[in-house]
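S.K.: Pasting a structure below so you can have a look.
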Amino acid sequence: MHPRFQAAFAQLAENLQSALAPVLADAHFPALLTAEQVTMLKQAAGLDEDALAFALLPLAAACARADLSYFNVGAIARGVSGTWYFGGNMEFLGATMQQTVHAEQSAISHAWLRGEKALSTITVNYTPCGHCRQFMNELNSGLQLRINLPGRAPHTLGDYLPDAFGPKDLDIKTLLMDEQDHGFALSGDDLSEAAIRAANKSHTPYSNAPSGVALQCRDGRIFTGSYAENAAFNPTLPPLQGALNLLSLNGYDYPDIQRAILAEKADAPLIQWDATAATLKALGCTTIDRVLLA
């Protein structure tokens, strides 16, 4: 078990501990539960889905990297496939506050980059901030997305974001988590191809500036992130954050990064290179390359 889970795990009910222990045994547990694992945990603990999600929230919060605020927020995104995806907030010392990843963004990006098609519910241990409410409004689940908070009745995103502004106001039809492929040809080595694949998956209806990042760890594992734009612009999630989020959720740390590649268009109206390189250097990664999409 990864050390970050030990304190939260010790506080769980014994029947839930017994069922979870084999799942968490791998130090690189991927911070997700398959539909089959969710069913098994429900039966073992005698809990319904909402109660189980609340019980597991401390494990999601343990995934947070709150190196500045020390305020751990955890979220669990439930996919329509039945898979549950953990998320935790991320702060990057030596970078800027604008590079922060919120817990809801973490869980949603986690689900999206794992191929989930849509979400039904987000369970989170603190009220979503306005930034996250706006980020969630980009999803194809729309304002009907359920939001569950401890000690409160379930509500929809529409309840938390009345008079919402979103992609439909800008006549955008393809939403975040819808299938997208920008069709850029693969080239270069495995890491370059991974970055291009991530760029092809980007949600960029506002800038038409797709981009993707691929991070290679010292053990050869590759994590990718795709650019996810938002109708309100500022809640946009850069591709590097998506990749760092997956890397961290899978039990890796920033010193494990050996090499990074950013894929983007040379003539794009928005360029990720400077911010990507600056953040990676702040985290100790200096082997950073750029591949141009064509």
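The backbone N, Cα and C atoms fix where each Cβ goes, and this holds for glycine too.
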S.K.: Please identify which of His102, His155, His182 is recorded by TrEMBL as part of the Zn(2+) site containing Cys129, Cys132.
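M.R.: Answer, per TrEMBL (Zn(2+) site with Cys129, Cys132), from His102, His155, His182: His102.
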S.K.: May I ask which of the binding-site residues Asn89, Met90, Glu91 is closest to His102 (Zn(2+) binding site) if we compare their C-alpha atoms?
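M.R.: That would be Asn89, the closest of Asn89, Met90, Glu91 to His102 (Zn(2+) binding site).
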S.K.: Just name the most isolated of the binding-site residues Met90, Cys129, Cys132, going by other Cβ atoms within 10 Å of its Cβ.
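M.R.: Minimum Cβ neighbour count within 10 Å, taken over the binding-site residues Met90, Cys129, Cys132, occurs at Cys129.
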S.K.: Going by DSSP, is His102 (Zn(2+) binding site) part of a helix, a strand, or coil?
M.R.: coil
S.K.: Using the Cβ centroid of Asn89, Met90, Glu91 as the reference point for the substrate site, which residues of the same chain not in that list have Cβ within 8 Å?
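M.R.: Sorted by sequence, the hits are Ala64, Arg65, Ala66, Asp67, Leu68, Ser69, Gly88, Phe92, Thr100, Val101, His102, Ala103, Ser106.
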